[in-house]
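The Mg(2+) 1 binding site feature in Swiss-Prot is assigned to D7, H142; the stated evidence is sequence analysis. What Swiss-Prot lists as active site is D7, E68, H142. If you look up Swiss-Prot, you'll see E68 marked as Mg(2+) 2 binding site.
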Amino acid sequence: MLVFGLDPGLNYTGWAVVLKEPSGSLSLLDTGTICTTSCSDLNDKLFCIFSGLSAIIQKFSVSVASIENVFVNLNPKASMFLCYARAASLLACLSSNVKIFEYSPTKIKKCVFGNGRASKEQIAFVVRSSLGLSEDASFSSHASDAIAAALCHIFSSGNRYGI
């Protein structure tokens, strides 16, 4: 099973491609963050997210995506911008016929860490240990959250040991 994990954001969109082998072993094929801070225009940011994710989808031939649901922020404008980034992310998936699974941030944390209130550091630790990565493995918190989204789908789709 190949899963495309997404952590959408207007300035930083994390992504990850995680493979679960039939044996149950997990591999991180690639991960990264699409940074749009150099774009001053909202439309440019959205196009950058869409085109960047579309290229990754094509490169890895992904057919399943796991994405964080929107959470309500105290700042309505921030929530609105997050929705724009999610829309660009969803459109990239839909335009390539990628099946989308959505999970709340709490569900992702609970599924991956066992606690829905896990910190970014705790999630990063579990992500590294689940994938057999060293403590030196470096990626952004956005990429870590995208990996966690992919792992959540894998763990929710059956036993992580392939039994």
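Sequential numbering from 1, following the chain as shown.
Placement of Cβ uses the backbone N, Cα and C atoms for every residue, glycine included.
For H142 (Mg(2+) 1 binding site), applying a Cβ distance below 8 Å and a minimum sequence separation of six or more within one chain yields D7, G9, Y12, T13, G14, T33. Fewest other C-beta atoms within 10 angstroms, among the binding-site residues D7, E68, are seen around E68. When secondary structure is read from DSSP and collapsed to three states, E68 (Mg(2+) 2 binding site) falls in the strand class. In the three-state DSSP reading, H142 (Mg(2+) 1 binding site) counts as helix.
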